[in-house]
């Protein structure tokens, strides 16, 4: 057990630290803080902890006579740290008669400590407070130093006081019940204090990280009985005793630092702001990422960024930054906002640069507008004794991954610099393998601290190859080798990022690893690029030698599984070494440990990079093994059996490839650079770069055995190199290319060409480097020629010819391909652009993308370029954010034959205004119009699949972002390469839409179609094989049933058009802002209910599918249900709900696999809303939230048992959880036990307005809550077999109850005009009012006088609710309107008067909506794109028709009329963007190229058509044949029901015709919604209006 420790602060020993010290805690408070009243304050979460209950009981039992104990419990979470909670607590203290001698005891985390401390500081002008912190963060930070505060709506901690506690009693035992993430969160502050003040403690923390994470990750949830209430609670439990010593020390040491700093600077004037290390930047991230990210997580990122800032200034060494980053990762903290797990946790929120800087400007350390940041000098020490001023330019650089390199203008020609590059990656990785296999201790100095070596160190540790520790503040790594005897298989895959060297060396090392009782293999894996890089020659050799290895993904690349029960035999091993010398080195280093001596023969031609093989052999010699080179056989080596003996010290030479960058900088800028630890004795081939490349180009070179100095010629005088074989130094060719780009000579025939050869292996490095250099040099205006094993660079005649990379839209970035060498090379060329311009000329910088990729070998390169070499750098917001806005991601449609791909692809293109390409047709075009069937007969399926894949990859590469719909062949998923391309496109934001239908129907159809290629096997077998592939490759899915009638076909089209608009974001899903409802369906199968679905949804903004009620949960069945519902209800938004049993539903609680599948179906089907229960496992919640796309998430919680009153913390906790998950709507359903529960609910609703909230009580006692709920109230219908929850009401019942309470005022509405005797408006509106239970009345007011309407209705009727205006008042009424809608202004008439209140009125016109909606309802897409429109007639209605056709996106609208002279004034009176073309002669129609697919007839219907007009009309009707949808004509007149225009259009030209009654009802329903806020029940109204 640990001892109780006392830590002094401000001269008093008041901080006590121990474990299980409850008795000491009670005794200390009672003995040293005597009082008549003790008040324990905590939150409800802590009340569940047994240790807290024990403490309260013990406190009560120990009270002296005359003293009392009060307990006050607040709701958990940051929201409680408010003025309101403070006031409530103060009122409680006053009511309880607390006086000046009161002692407040704050037991809890930072929120409780801060708030109770502030109450204590102001109550009775200050009473005593004792802090008992229960979270790690509170123990080491917020409880110490006397800072107290509450939050305000404008910011955190803005109101507070310094009020020192009487005691801070820290009991480690509280941490047993701390949630895992909170525990890890607190470690950020612990690491911070060690980092700024205590290097020894930092080292101790490093060595205990794995113990900590193992224990914390092992936390379990346990059920406990509450000693105070006897209720059963569930709490987290961590086995603190398993790491008690470590936890105690980390808390104690962290407290000591804070106490010492506070003691010397209580009021935070200087020294105390050192405690803000990591906080300046961390707080800025926190401000954006809260509440998803925790304080410590953001501080962790802030520390790394602020450490990088110090390194950028040349103050902190790269090793120290690497150590800090490594320890944070080891304790489970994020080090970058871009880490995959952290991005998912923070729901992919963006952290824009300008917002970060804005947030940083609100920091108490700042002085005015100048920002200050704590700068670290080394681990354990800050630079200076307070924060330092930092410019926005430097902060921008640190905060982004995109770098702006300004011209190298202010660099003096006589500049001389010494640069020491990091240790060689090649030597570092070899040294780690050799030392791990060797025996004894080896101190490795100047080891490269990079991603590659980090992966290697981790692997050596995981495989138990050696014991690893650090000395010299982390600058020296100490490897205690065990001679290979302890190598053991590890269970977790070894992740190697993009570290090629590590992956190749570890593949051979894996052959030496021993099995354990539970583990017989190890897995090596890496990132996406690593999984493309070759490793086959090495694997082939090892397999041939007895090691069993499997590829787990792509043949020839990682990931691989190496079986540890096979043996590395030795003997003769043959290896192809023309691709990578690392294969050779890998086998060489492990060869001494084979079962017999090894003869390694390199076959297949001259090996690549032989110098690296020589390097390995020389290093093996240093570790005690001598390799012999054969004198009789070329490229053959003999390696004896033995084991390495570790030298006591091994110094890693600097990386010669990295040294090429500062040396090239000298060459290009005419300055001098010395690299002091690489000379002609170097083991590395790249050490020749200065001598063999830069010297012949015109540089002065001084090279000793151990150093190299380069002095460049005057700027602009470098000479091209006619030919250089860079095979001994292939990695340096990229540096040579950028030097060559600015080299030129006086020979007019040379074209300034530098020819580089011997570098074929560079095509399979981190990227295809030869192609990368050619592509990016072209952006600077530099031409290149690719060679079979090299590149020619054609230098520019003058540096002034270098261009800033840009395209038609402005500057573009230089791509680095996640390749460190590409990035560092172009950082040099970027600075030469505009470097020769006049000093005062404004020069645009060059943007380099992904600068962090240099972390692979030289994390501090940018710091050296800036601080040592004098380059001006800046950071910038990524360009992709702006460019992606304009990209229109294409849609790829996949699915079985006969799934409807051809038809639906056309609909898709039409709905989105995209271009359509059928890939089978494209295939035929590319193969001389040979059909797919013929091609397959001649060449076979395999060849066809290859070609199909090639074409698909090509179109995606070229047109994936350009708004295309690609219709594919059914078998595209048969090829693994195509499947990968489909998945890659989907993951890059493209739409891969799986179209499917009932397989039985498909089979019947296919067997009767002779035009398609014959199947080799049965259709059902094909479906069974492909079904999984279709699902795996698609990110969206649409079920398209076979349609037997035109009406069904049109309904399906409407439903698909809305679906595709929703998933692509064209149609935004809106959460209703006013009173609204959704109906809850409880059917087990919707197939038989289609007739009832529309009336069931009357008055609702959405419909809920209770998936848990469905007959089965198969993907096809559920998709079909969604399709039926969409078609039947005209795509009313769907709420997809799977209600679990414990939340009151039918779905089994633990069936998480099926639940995940159902959510996947929902998201692929683009449902508008998805109900996500807040009680589900967090991994499922985050998975759904991160995949939600455009779907809105409803976070729901139901209390069916009535366990929680609305003032219980359960609801507060759940609301905070919903905020953290960033759901779109919160849905809480309680149970009303008594009427008062409704009042408590309303108080909750009133205080939780920062998210749309659905909150209702079940049972009949809770009915009132359903009436008062505003947003999306769940309702039932009389047509449902049963309601989904007790107490559910219908829309009509709710409206009637709301009316009786005064919520809806009865209104009187009228149709005005003359004659109106036959007007259908009263029946139209009154039908709607009756169905929806609205109290309004609609009547006729017949008059020809607008003046009378104003007097009697607008001014004279206090219940006036609106008017439908008809002839002759549509123009006259406008003078009395206070506002006109755009439609009313353009159409020039008002048919709808809307009261605005205060005797003000708005004039609108819904005729155009009547026309538009009637057309859409009859199969016309919402966007008709490339189709033209036609209006027949030029009267008043024609203006509404023109407005409607323009709103549908008609690019041109033609208009014809009996009297052509009326056309010109009509066209001139309308906006020019309507693009209206009046047709005066029949002849001019022949020249029209456009398809005309939509028309509106506005001519009188009671007379025959004029011959001239009829002739024009017929010529237009012919043009409907090639429209992208069924050509449709709407008749604006509703009497007679069939007009001459309708007859000729339908019978002679097969146009679909829409009668005027539909326009009438649609415009009336639009009025209905504008007046009442409710969608009108269209079908019922239509039936009522047209039944006579």
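Each Cβ is built from the backbone N, Cα and C atoms, and glycine gets one as well.
Just one of 189, 201, 377 is listed by Swiss-Prot for the same Zn(2+) site as 279, 295, and that one is 189. When Cβ neighbours within 10 Å are tallied across all protein chains shown, the highest count among the binding-site residues 895, 900 belongs to 895. Cα of residue 900 (ATP binding site) to Cα of residue 1227 (active site, schiff-base intermediate with substrate): a distance of 38 Å. Using the Cβ center of 189, 279, 295 for Zn(2+), the list of other same-chain residues with Cβ within 8 Å runs, in sequence order, 137, 141, 188, 192, 278, 282, 296, 298, 299, 302.
All protein chains included, residue 279 (Zn(2+) binding site) registers 25 other Cβ atoms within 10 Å of its own Cβ. The number of other CB atoms found within 10 A of the CB of residue 1198 (active site, proton acceptor), across every protein chain shown, is 21. Between the CA atoms of residue 901 (ATP binding site) and residue 283 (active site, proton acceptor) there is a gap of 51 Å. Classification of residue 111 (NAD(+) binding site) by DSSP places it within a helix.
A simple way to gauge crowding: the CB of residue 1227 (active site, schiff-base intermediate with substrate) has 27 other CB atoms within 10 angstroms, across all the protein chains here.
Separation of the C-alpha atoms of residue 175 (NAD(+) binding site) and residue 897 (ATP binding site): 61 Å, rounded to the nearest whole number.
The Cβ neighbour count for residue 898 (ATP binding site), using a 10 Å radius over every protein chain in view, is 20.
As a whole-number mean, the pLDDT of the region '3-dehydroquinase' (1081-1293) in this prediction is 95.
Counting other CB atoms no more than 10 Å from each candidate's CB, the recorded positions 43, 78, 189, 268 peak at 189.
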